[in-house]
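Following: one structure in C-alpha cells, then a few remarks.
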Amino acid sequence: MGFCGEKSFTVWDQGDFSKCFEDSVVMTLPGAFLLIFGLKLLYDLETKKPDIFHFKQLIRDFKTWKKSIQLEVIVSILLVAWKVLFFVVDVSIYDEPYVKFYSTVTMAQWIVAFFLVYLELKKGQTRSWNIRVYWILSFLCAVIKLRTLSLGAFDSSYKLEVSFLEYFSFLIGFCLILILSITSVLFFDHSAGYSNLDENEEPLEKNANLFSRLTFWWINPILVKGYKKSLDIPDVPKLTEIDQAEILSLKFEKAWEEQLSRPKPSLPRALAAAFGPHFYVAAIFKLIQDGLMFVGPILLGKVITFVTTHNVPTYNGLIYVLFYFLSPVIQSLTLHQYFHRCFRVGMWLRSAVVTAVYKKALRTSLREGTTIGEIVNLMSVDAQKFMDLCPYLHMIWSALEQIAIALILLYLKLGPSVFAGLAIMLVMIPINLFISNLAKKRQTTSMKLKDKRTKAVNEVLNGIKVIKLYSWEQSFMNHVNAIRNSELGVMKTIKYIQGFSLLLWSMSPIFVSVSTFAVYILTGHVLTAAIAFPCLSLFNVMQFPINMLPNVVSSIIEASVSVQRLERFLLKKDLDPNVVERHISEAGVAIKLENASLEWEPGKTVLKNINLKVKEKELIAIVGHVGSGKSSLISTLVGDLDKTKGTVAVKGSIALVTQQAWIQNATLKNNILFSKELNEDKYQKVIEACCLLPDLKILPTGDQTEIGEKGINLSGGQKQRVSIARAVYNNADVYLFDDPLSAVDAHVGKSIFRDVLSNTTGMLRNKTRVLVTHAVHYLPYVDRIIMIKDGAIAEEGSYEFLLQNEGPFASLMKHDTQHQQSPTPASLTSSAELINDNEENKDTDQHTNDGGHSKTLEEEFEEQDLGESDKLIDVPRKIVLEGSGPEQEEQDDNTNNAILTTTRGDSEEEEEEEDDGEKELMEDIDIENDQTSLKPKSSDEKKSMFKKPLSLLKTINKTISKPVSLPPTQQKETPNKDGKIISVETRQEGKVSLKVYFSYFQAIGPFLATLIIGFYVFTQLFSILANWWLSNWTNSVDADGNDAKGRDSKYYLSIYVAFSFAAIGATLIRSFSMVFGSIKGSKLFHEKMFKAVIRSPMSFFDTTPIGRILNRFSKDQLTIDESIARTLGMFLNTFCQVFGSIIVIALVSPFIIIAMIPVAALFYFIQRYYLNSSRELTRLEGVSRSPIYAHFSETLAGVTTIRAFQEAFRFSSENEKLLDDNQKCYYINISANRWLALRLEFLGACIVTSAVLYTVLASHHIDPGTAGLVITYALAITSNMNWMVRMSCDLENSVVSIERIQEYCSLPSEAALTNDKKVQKGWPTQGQIVFKDLWLAYREGLDPVLRGISLTIAPKQKIGIVGRTGAGKSSLTQALFRLVEPLRGTIEIDGEDIRDLGLHTLRSRISIIPQDPVLFAGTIRSNLDPFNKYTDDQIWEALESAHLTKAIKELDGGLSAPVTENGENFSVGQRQLMCMGRALLKKAKIIVMDEATAAIDIETDALIQDTIRTAFNECTVLTIAHRINTIKDSDLVMVMDKGEVVEFENPNILQQNHSSIYYSLVKRSEDNEHDE
C-alpha cells in the first residue's frame, strides 16, 4: 500500500484537491510553519528566558490573567484533547499511511502550540507573532478541510462520502480553531499575561487588541473609575508616544523647515506633510460609512413593497430586518474609527502649533509688533480652530459625494423631476459662497479684536496694583469694554451671516423635496408610499451634509484666518543667532565690539559705532544717564539686538542678571540651581555670598519654599539677590550685571560686591564681569569705566584717569560731590544708601565677612566691622510680639513671647567683647535656655528701650537661635505647610448645577429664551405635520392615482407646501433670536467677570497666576462666544425631533414603544455612566490648560534670561510636558465620546430593527404610508437620539466654561468705588493725616503687620519713612490707599475717616509714585492722563518737571507717541520718570513716594529732588527712603519696626541723639561713605 493508499499521490482529483494532497500537504502547512519557527522560539524561551511565574502560581492566579489569555489556554488544551479523539476516529476509519501522518503531525503541532502559549505566559512574555500567524494559517487550512467534509456529508453526488462522526468531530475542532483565530486577531494585545501588569505605566490604548480598538473597550477602566469617584490628573493615563508633543513637534519642524526652503512657505502644506497620512487613511472609513448610509433608504422601498405585496414569504421580510440591523452597526464602527482618527490628528495639529509658537517666541524679538495677548490667542484660539476643524474637513468631499449619490438614487425613483431640486441647490451654492466671503473678511477683523482684548486684559492683570493705586479701574473697564463691544459687533455680524447661510442650507431639503414632488405630480405621475418615503428618507440623508457644508465652510474660513495669523508669526524674522560671535582669535579678550551699530527695530539705531574690548577676568563698569543705552549694550551681548554693521563677539558662556529680577514660580532652590546639578558646597557658598542665608531662616520651608508668580512673596531685594545667586551658581565665562545692586541697600550691595564681584575676594574674580550701575561708590574698585552717552561710548578708562580727564564722567562725579557737601546735617551721608529697605523692593540682610581681604575696599570693610571705635551694631532684625491682634498687648513674663534676632553673624572677637552698658540692656531682656523673653512694657518704656545704646544689642547675637518672623510681604502670601504660595486651581465636582444653566438663560433674557425654545418646538411640529400629511396623502391615493375622497394631488401638495414653509418661518425666527441672545449673554458674562476681577482685592492677584485668569478670558470666553449657542441649538433641535418622533411612533404603532422603553433606559444609563467621567475630564482639561498659559507668560517675562543662559530647550520641554498633561485629558475625553456614540448607535440600530420587525410581522394590518412613516421616523430617531445624547454631553461639558466664569464673577470685592458719602470738591484741602490706633493684617488669621499706629502728620509736612524689611513701611501705604482694610483703628485725612469714603473718591484725591514703574500700551498721553482731564500744555509742564521733555519730543508723535506693551520701548529709568510725571500732573495734596528713584542716575535724581522740593512744596509728602538725600529735607523722620512707629521726630534732633535708631542709620551710612 502506497502513502496515499490504493491511489497514487496527485494534487487534483475530479476538479478538486485530492484527499491525500489535502491532508498530507495543505493541512500540514501550519504544522510545518510552527515546527520551523515555533521550535526555535520554544528552545529560546526554555533556555534563555528566566521564569517569572511558576506553575503553581499560574494555577493559583488564573483568575487574574487577561481574559483573552484565559480563553486561549483553555481552548488550546481542548484542541489537544480533541485531536487525540480525532486521531482515534481517523485511524479507525482510514488505514492509509497519509492519514496517520496527517494525524500525527497535527497532534504534534497542537502540543507545540500549547507549550508555546504556556511558556510565554510562564516567562512573562507578550504573545509572539509566530503563534498568532499559526492560528490564522490553521483557520484558513481548516476552512478548506471543512468545505470538503461538508460536501462529503451533505452532497450525495460528491466524490467522497463522509460519516457524521467524522464531520461532527472535525466541526468541533474547527470551532476551537475559529475561537483561537479570532482571539489572536481581535483580542490580541501586547501586554503580558496578567491583567494588572504595567497597568499604570503604559497608555491604555497601546496594548489594546483589535476588538478593543474597534469598540473603544480600552477606555472602560477610566469610565469605571470616573463613575465611582471624581477623576484627577493622576487617574488619566499618559499619552502614547505618537501623541506626545515632543514627537509631534519634531515632525512638524522637519516639514516646516522644508517649506521655508520654498519661495512661499505654506503652513497647511507643512501640517499635511507631517500628519497627512493618518488623516488620509480616515477617508477610507468615511467612504465605507457614506456608502452604508444609503442602505436604509433603499431597504425602505423594499419593505414598503413587501407590505404592499401580501403574497411574499415572511422570510424575505426577516432578511430585510437583518440587513437593517447589520448596516447601521457596521456603519457606526467605521464612522467612529473615522472620527477617532480625525480628532487625533486635530489634537496633533494643536500640539504642533502650540509648540511651534512657543519655540518661535523664544527665538524672536517681541519688539517686532507682536504682543503677548496676540501670542496667547495664537496658542489658544487659533490652535483650537485647527483642532475643531480637523474632524469635519473630510466633509468637503464627503458632503458632495453624499448629495451626488442621493440625487442619483432620487433620479432612479423620480426621473427628471429631481432636476428641479438640483436647480435649487445649484442656485444656493453661489449665494452661500458670497455669504462665506463676507464672513471671512469680518473673521479677520474679529481675530484682531480678540488679540487686542486679550492684550488689554493681560496688561490690566500685570499692572493691577498701579491701576488700583491710581484709581484707574473705571478707565480700564471702559477701555476693555469698548474693545469687547467692537468685537461683539463684528461677531454679531458674522453670526447673522452664518445664521442666514445656515438657514438657506437648512431650507434646501424642504425646497428640494417640495419642488421635486411638485414637478413629479404636475408631470402626471402618481406619488405612492413606495416612492414618497424612500425619497423622503433620501432627502433626510441629504439634510445632514447640506447642513454641515456651510458649517465646514465657515470653519475653513475661520481656520484660514488663523493660518494667515500663524504663518505671519512663524515667518517673523528670528533673532540672528550669529549676531554675537562665539570665537575671538585675539588672546586674552573675552568681549570684543568693533565699529558695532545696533538697533531694536529697523531704522532706529540705539547704539552707534561701539568699539570696546574687555579682557578676560576684567571687571568693568558701565555708567550713563537714564536712556543713554546702558541696558541696550548688555542686551547686545546676549544677542537681543539686530546688528547693522560691525562685529560683536563674546568668548564662552554668558550669565545675565537683569535690571528687573526675573523669578520663576518654583522653589527658591530651583530658582538658583536653574536646572544645574546640585553641588552642595558650592550652593552654600553662593547663597552666603549673595546674603541669602538670613532669608532661608525666615522662609517657612527654607530654600524649598515655593516662590509665587513674579516672586510675589519675596521683597525686591530678595528677588534681585536670588537672581544674582542664579548667575553665580551657573559658573559661566562672562557675567553681565544690569544694575542689580540698585535694588539692595548700600551695605548689602557692598557685601555682594565684595563677595561676588570684587577682583580680590569675589567668587567671580577669575571671570569676566560687566556691571551697569548708578552707584558711583563702586567705581573706584573696578578695572575700567565705560561712560555711555546718547548711544555711544563717550569715554572710557580707569577711575583716576576719567576724573583727571575733565569729561562727562568727571562732571557727573562733581555733581555727586556737590550733593555730598550739602550743609544740612542730614546730608552728611550724601549719596550713600540706607541700610533699611522697602519691604517689597529692598532688603537689609547683611553678610558675614569670612575671608582674608586685601587692603582696599575689603580691608576697610573688615576694619569697620572689627574696629572698636567705629563699631556699629545692627538694630535687631526682628522683634515680634507673638499675638494675632490688639487684644494680646499683655503677656505673661514667663512666656517666651518675643523673638529677637539679627541677620548678621558676629565674629568671634565681637562675641567675646562686652560693653558695660550691656547690663543695662539685660535688665530688660531675660536670657534663659538660649531664648529671649521680652517683658511687656508700656509704650514709653518700649520707646525708651529702643533708644538704648545700639552697641549693646550685639549681645542678642549670642542668645538667639530662632529664625525671625515673616516680613509683611511674605505674610501677605503666607505659604502652606509645604511652602506653597500659589493656590491650586479649584474645580467643581459632580453634576453641573441647574443654576449654571439658568444663569445662561438669565443672561440671554427670560423672554427671549422662552421665545427661542418655543420656536424650536414649532419648527418640529410643522415638520411632523408635513410628513403626516404626506403619509395621509399616499394612503388615500391608489396605484392609478385615484383619491378615495375625490381630491386631486394639488390639494395635498398645497397643504404639504404650507406646512413646510411654516417650518421654514419658525426656523428663521429661532435662528436670529439665538444669535441675538447669544451675543447678549456673551457680553454680560465678560463684563461681569472683568468687573469682578478688576475689583478683586490684591490678595487674589498675589495667589493666582495670570495665566489662570487669562485662561478664563480666552478659552472659556471663546466657548461662550462660539460653542454654547451652537451646541444648545443642536441639542434643542434634536430633543424636539426625538420627542416628536416618539409621539408619532406612539400614535401610529404603540407596540414599538414597548421595545423602546428598555432601550431608552439603557440610553439614560450609558449617558450617565459616560457623563460622570466626561464632565470631570472636561474640567481637568480646563484646569490643566491654565499652567500652559502661566508657563508661557513666565517664559515671555524672562525670555532674555532664558536665551542668555541657553535654557530654551529645557523650557520648551517643560512646555511640551504641560501640553501633554492637557492633551491626555482631551484625548481620553474624545475617546470616551466615541465610546458613547458607538453604544448609543447600537441601541439606535435596535430601535430601527424593532420598527422594521413590527412592520414585517404586521404587514397584513398596516398601510404602506403608515409603514413608511414609522420606519422613516425610526431611522430619524436613531441618529437624532444619538445626536441628542451627544449634544447633551457636549452642552454639559461646554457649560463647564460658564461654571468657571461664574466662579470669577463671584469673587470677593473691595469696597465700593463710590458711595453716598460726599466730600468737598477740593478735598483734601490741607493734607493732614491722622492715624488712630491702626492695626492691619493682610488676611484673616495672619499676624498684624501694623500694630497700634497713632500719630498726626500736619499739613504740608514732609515725612521720611525708614525701616528694615518687615517694618511696615509699605503696609502703611497700603492702609492709606485701602488696598488692605484695617483690623481696627482709623485713618483720617482732613477730618474725614477714609473708611467712609468710596475707594475712587479716596485714591483719586491722593497720589503715589510707586516703586514699580508700570506703563501700559497706548500713547504717552494715555499713560499720563487716561481720563483726558488735562490739556497738552499741562502735560508738557509735568514732563518738563520730570525732566522727560527732551526724550518725548525726540519721539515721533510727541504726546501721541506709542508706548509698547509694558513700556518696553522705554528704559526702566524713563518709566520711573513717567510715573513721576503722573504725580506732578495730578497735583494732589498728599503724595506718597515709594522708593521711586531706584533706577535713576545720581544727576537726574538730584534734579528730581529739586523738583519735588518746589513742585510739592504745598503738599504733604510721605517718602519711603532709599537714599539718604531723599529724606534729608524732611520735617520729620518716621522710623518703623515690627509694625510700630519707634521714632517720629525731626531728623536733626534724632541725629543728635546718639542712642536713636536714626542716628545708627546715619552712622552706618557715614561708614559706607568712608569706604569710597
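Our numbering is plain: 1 for the first residue shown, then up by one each step along the chain.
Any Cβ shown, glycine's included, is placed from N, Cα and C.
According to TrEMBL, the feature compositional bias 'Polar residues' maps to 894-904. Taken from TrEMBL, the feature compositional bias 'Acidic residues' applies to 907-929. What TrEMBL records for 281-558, 1011-1293 is domain 'ABC transmembrane type-1'. Taken from TrEMBL, the feature domain 'ABC transporter' covers 591-815, 1329-1563. The region 'Disordered' annotation in TrEMBL covers 883-941. Here TrEMBL flags 25-43, 69-89, 101-121, 133-155, 167-188, 318-339, 392-412, 418-439, 1007-1031, 1051-1072, 1138-1166, 1240-1259 as transmembrane segment.
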Spatial neighbours of the transmembrane segment (1051-1072) far in sequence, C-beta under 8 Å, 6+ residues away = 496, 499, 502-503, 506-507, 510, 513-514, 517-518, 521, 1011-1012, 1015-1016, 1018-1019, 1022-1023, 1025-1026, 1029-1030, 1032-1033, 1036, 1129
Between the transmembrane segment (318-339) and the stretches 101-121, 392-412, 1138-1166, 1240-1259, the largest tally of CB pairs under 8 Å belongs to 1240-1259
For the transmembrane segment (1007-1031), the distant same-chain contacts (Cβ-Cβ under 8 Å, at least six residues beyond its ends) come to 529, 532-533, 536, 1001, 1052, 1055-1056, 1059-1060, 1062-1063, 1066-1067, 1069-1070, 1073-1074, 1076-1077, 1080, 1132-1133, 1135-1137, 1140, 1143-1144, 1265-1266, 1268-1269, 1272-1273
For the transmembrane segment (25-43), which stretch among 101-121, 133-155, 392-412, 1138-1166 has the most Cβ pairs under 8 A?
-> 101-121
Across the domain 'ABC transporter' (1329-1563), the model's average pLDDT, rounded to a whole number, is 83
